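Report on the following structure.
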Amino acid sequence: MSGTKPDILWAPHQVDRFVVCDSELSLYHVESAVNSELKAGSLRLSEDSAATLLSINSDTPYMKCVAWYLNYDPECLLAVGQANGRVVLTSLGQDHNSKFKDLIGKEFVPKHARQCNTLAWNPLDSNWLAAGLDKHRADFSVLIWDICSKYTPDIVPMEKVRLSAGEAETTLLVTKPLYELGQNDASLSLCWLPRDQKLLLAGMHRNLAIFDLRNTSQKMFVNTKAVQGVTVDPYFHDRVASFYEGQVAIWDLRKFEKPVLTLTEQPKPLTKVAWCPTRTGLLATLTRDSNIIRLYDMQHTPTPIGDETEPTIIERSVQPCDNYIASFAWHPTSQNRMIVVTPNRTMSDFTVFERISLAWSPITSLMWACGRHLYECAEEESDNSLEKDIATKMRLRALSRYGLDTEQVWRNHILAGNEDPQLKSLWYTLHFMKQYTEDNDQKSPGNKGSLVYAGIKSIVKSSLGMVESSRHNWSGLDKQTDIQNLNEERILALQLCGWIKKGTDVDVGPFLNSLVQEGEWERAAAVALFNLDIRRAIQILNEGASSEKGDLNLNVVAMALSGYTDEKNSLWREMCSTLRLQLNNPYLCVMFAFLTSEAGAYDGVLYENKVAVRDRVAFACKFLGDAQLNKYIEKLTNEMKEAGNLEGILLTGLTKDGVDLMESYVDRTGDVQTASYCMLQGSPLDVLKDERVQYWIENYRNLLDAWRFWHKRAEFDIHRSKLDPSSKPLAQVFVSCNFCGKSISYSCSSVPHQGRGFSQYGVSGSPTKSKVTSCPGCRKPLPRCALCLINMGTPVSSCPGGSKSDEKVDLSKDKKLAQFNNWFTWCHNCRHGGHAGHMLSWFRDHAECPVSACTCKCMQLDTTGNLVPAETVQP
């Protein structure tokens, strides 16, 4: 310690004690602030802690440096270096009854008096104490003392014997050090290297020197001015820090020629540097007359690539107090905690808080790291907000194989949870499109298959000017209404809407029966009414009222329908026009809107947004002329595209308009899963190549990867390759011929010709078992199997030779002809190999290559070696 500025030290093994050193030694006990408030004389260190003075030691004047004994016992033994070069062992009144009490008061005296600059206890051999002294031309500057050595014999003059304070016994001085190092030079700083108790790093006058006590005549050194405050990183023993003036040098002892990193501080000189004992690669520095401590985080420092490459660091500054800081000390166990002391002995307990790093997992778990602690955010609210998140929904749908049912396409909405009416409409639309495309292809290939997937908008446009209306009688009423004659295109539109089945029959009876079975009484009654069957509508409403979950008010509605009259000025029409606005069910509203509207003016039905789009479109196809229908479909399509409503796929189909609609849907919901499966269902090639479609598909694939759904990702890729052959990836691995370099698998997987069928890597599955034993390109023979000695490509036979367990190689006929058994298999180290089936059989009982004179341990070169049972491996 220089001047009167105090220094501070934490006890190495007593985490609640520290000592302040200046002209005397003061021992403090740290406790929580709540308890310390009850004691007089406590000093507040922070909001949570306070210090109580335990003892003061004033027996060692002229202190220049202090080092706390590193062992557990004795607890409060300190070495004090004095201005005359002596090192005194003292305590703070805690060890008078200890078995080590003879150590207290012991002095270690150099031959020539000069200032002691630094002290360092050996962390491995705790009895060794290194002292660094100023230069003397006739003496060494680094002395290593053994504190357990006996006192000096008779050659010591009696005048050097003194009485210990408070004791009658005499304690003799020790003048013979264990080692003497560094002649004709000053030692400014010392530290032992933890990797070896015999290695000592010393900051001499103009160099850093590493002394090996096993051979003290030699030393390794490097010339530098940064010789002060040498300290070893406790987590990386080859990394050392030292300083000079305003610069900090970071050294790597494995490359000791020059610093690996130089940190430039402020113009003011440094007074202390210290590695954090609880945090990897965190270095704290303090400059003179400053209230700021700078921290350098070298945890993320990359390894230098070239001689001139300096690693990057993360730098930050902390201000523990407002006054100038004289010294600081890291707490030995509490994370990132330090205590600072000012020149007037004001102390502050301070914790350096880490930068918080957030991590949000793909399954919506939120965690953050703060130092050693890892916290997980748990949702305590019961609003099921997590279940409503689209990522959670997509993940659950992926587990249920949503979108992969290509036979009964409509079932995909059930796999999605059967909760979203838009998804239900979408998958029923795609189901009808697939169904009627197949039906049209069977009737007249190439006729209307592509038109079906183009949507009702394109279908309606193809029949403009071809439809006329005619008057039709009501069922149950003496009335006639104009209905458009259904041509082929309008019938197809009604089929896509689900009102009628495929074929020439236009009866909506089956559709009504399905609605009744699902309990959609109001919708079924409305569809029956739109088909001029008021009697069937009343019957359905009565059935709904009498059902278990039915609404009794349906009887009232049925009664109102039964009183229908065609007179424009009747009381019935007036009352229904008023009361329909008070009905909650949209289908009941449109029923009365239809009955009270004028011929051709059906806006009350067509623009009721709560009615399903497919029902409104089907209604329009029955009652609107070509011009009105086209105008209505165009307007409705634009509304669906802007809103991103999946029901609009019925209108747009899987066309560019459909991509625009789906883009709005994805922007609104983020559901790339539905967008991907929908576009793959039947879109033409130009639509599949759209950048937006490819973007949704790739993002969904990335989502499956992020969720670690590897099998689901594979299923999706297979599903995609079936519906979009152009997306099938090229082979990433193939076997090439040693002579011509051409791929063997390319020719083997080609279409069979002239009665010779080749399957990939060998034999076909045909009963003839065609053989491929040569390269299809140059006709050179393929390599031979190391076990059966037959050219590769032939059908695998049972493994030749005896085995320790015949049942292990007794392959069934199915396994003998399995394609995997014929694959080319070889070791990347020795290049020997053979049929996969033979290799698996061999390595069940052996670890060494089957080729004679080859000692390669093929199966133990990678993790696949773990597949071989240890008890079956031959030594």
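Backbone N, Cα and C define each Cβ position, glycine as well.
Counting only residues at least six positions away in the same chain, the Cβ atoms of C775, G777, C778, K780 sit under 8 Å from the Cβ of C740 (Zn(2+) 1 binding site). What Swiss-Prot records for C737, C740, C775, C778 is Zn(2+) 1 binding site, and it gives similarity to another entry as the kind of evidence.
Annotation comment: Swiss-Prot describes C788, H835, H838 as Zn(2+) 2 binding site, evidence class similarity to another entry. A sphere of 10 angstroms centred on the C-beta of C788 (Zn(2+) 2 binding site) encloses 19 other C-beta atoms. In this structure, C788 (Zn(2+) 2 binding site) belongs to neither helix nor strand by DSSP; it is coil.
Per Swiss-Prot, Zn(2+) 3 binding site is recorded for C827, C830, C858, and the stated evidence type is similarity to another entry. C827 (Zn(2+) 3 binding site) falls within neither a helix nor a strand when secondary structure is assigned with DSSP, and so counts as coil. All protein chains included, C827 (Zn(2+) 3 binding site) registers 18 other Cβ atoms within 10 Å of its own Cβ.
Spatially close to H832 (Zn(2+) 4 binding site) yet at least six residues away along the chain are A786, W826, C849, P850, V851, C854, C856, C858, judged by Cβ distances under 8 angstroms. Annotated Zn(2+) 4 binding site per Swiss-Prot: C830, H832, C849, C854, in sequence order.
Taken from Swiss-Prot, the feature phosphoserine covers S759 (among others), and the record attributes it to similarity to another entry.
If you look up Swiss-Prot, you'll see S766 (among others) marked as phosphoserine.
Residues 1-2, 7, 9, 11-14, 17, 19, 21-25, 27, 106-110, 112-121, 123, 126, 129, 131, 133-134, 145, 147, 165 of the same chain, all 6+ positions outside the repeat 'WD 1' (58-100), place their C-beta atoms under 8 angstroms from a C-beta of that stretch. Taken from Swiss-Prot, the feature repeat 'WD 1' covers 58-100.
Annotated repeat 'WD 2' per Swiss-Prot: 111-155, in sequence order. Taken together, the residues of the repeat 'WD 2' (111-155) have an average pLDDT of 87.
Per Swiss-Prot, the feature repeat 'WD 3' maps to 182-221. Within the chain, the repeat 'WD 3' (182-221) has long-range Cβ neighbours (under 8 A, six or more residues past its boundaries) at 117-125, 128, 130-135, 137, 139-142, 144, 227-232, 234, 237-238, 240, 242, 251, 253, 256.
Per Swiss-Prot, the feature repeat 'WD 4' maps to 223-261.
Swiss-Prot lists 265-306 with the feature repeat 'WD 5'. Here the repeat 'WD 5' (265-306) has Cβ contacts under 8 Å with residues 228-229, 231-236, 239, 241-248, 250, 312-325, 327-338, 340, 352, 371-372 of the same chain, all six or more residues outside its ends.
As annotated by Swiss-Prot, repeat 'WD 6' applies to 320-360.
Sequence-distant contacts of the repeat 'WD 7' (395-437), counting only residues of its own chain at least 6 positions beyond either end whose CB sits under 8 Å from a CB of the stretch, comprise 363, 449, 452-453, 492, 495-496, 498, 502, 612-614, 645-647, 649-650, 653-654, 673-674, 676-678, 681-682, 704, 707, 709, 712, 715-716, 719, 722-723. Summarising the annotation, Swiss-Prot assigns repeat 'WD 7' to 395-437.
The feature zinc finger is assigned by Swiss-Prot to 735-781 (among others).
Swiss-Prot lists 782-863 (among others) with the feature zinc finger.
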**Item:** DSSP state at C858 (Zn(2+) 3 binding site), helix/strand/coil
**Value:** helix
**Request:** Find, for the listed binding-site residues H835, H838, the residue with the lowest Cβ contact count at a 10 Å cut-off, counting only other Cβ atoms.
**Result:** H838
**Prompt:** Which residues in the same chain, at least 6 apart in sequence, have a Cβ under 8 Å from the Cβ of C830 (Zn(2+) 3 binding site)?
**Reply:** C849, V851, C854, C856, C858
**Message:** Please report the Cα separation of H838 (Zn(2+) 2 binding site) and C827 (Zn(2+) 3 binding site) in Å, rounded to an integer.
**Reply:** 14
**Item:** Least surrounded among the binding-site residues, given as C737, C775, C778, when other CB atoms within 10 Å are counted
**Value:** C778
**Complete:** For the repeat 'WD 1' (58-100), the DSSP residue counts stand at 0 helix, 17 strand, 26 coil
**Cβ-centroid neighbourhood (8 Å) of the Zn(2+) 1 site, C737, C740, C775, C778 excluded** = N738, F739, G741, K742, I744, P776, G777, R779, K780
**Complete:** Around the recorded Zn(2+) 4 site (C830, H832, C849, C854), other residues with Cβ within 8 Å of the Cβ centre, ordered by sequence, are A786, C827, N829, R831, P850, V851, T855, C856, C858
**Message:** For C849 (Zn(2+) 4 binding site), which of the three DSSP-derived states applies: helix, strand, or coil?
**Reply:** coil
**Complete:** The most crowded of the binding-site residues C849, C854, C858, judged by neighbouring Cβ atoms within 10 Å of its own Cβ, is C858
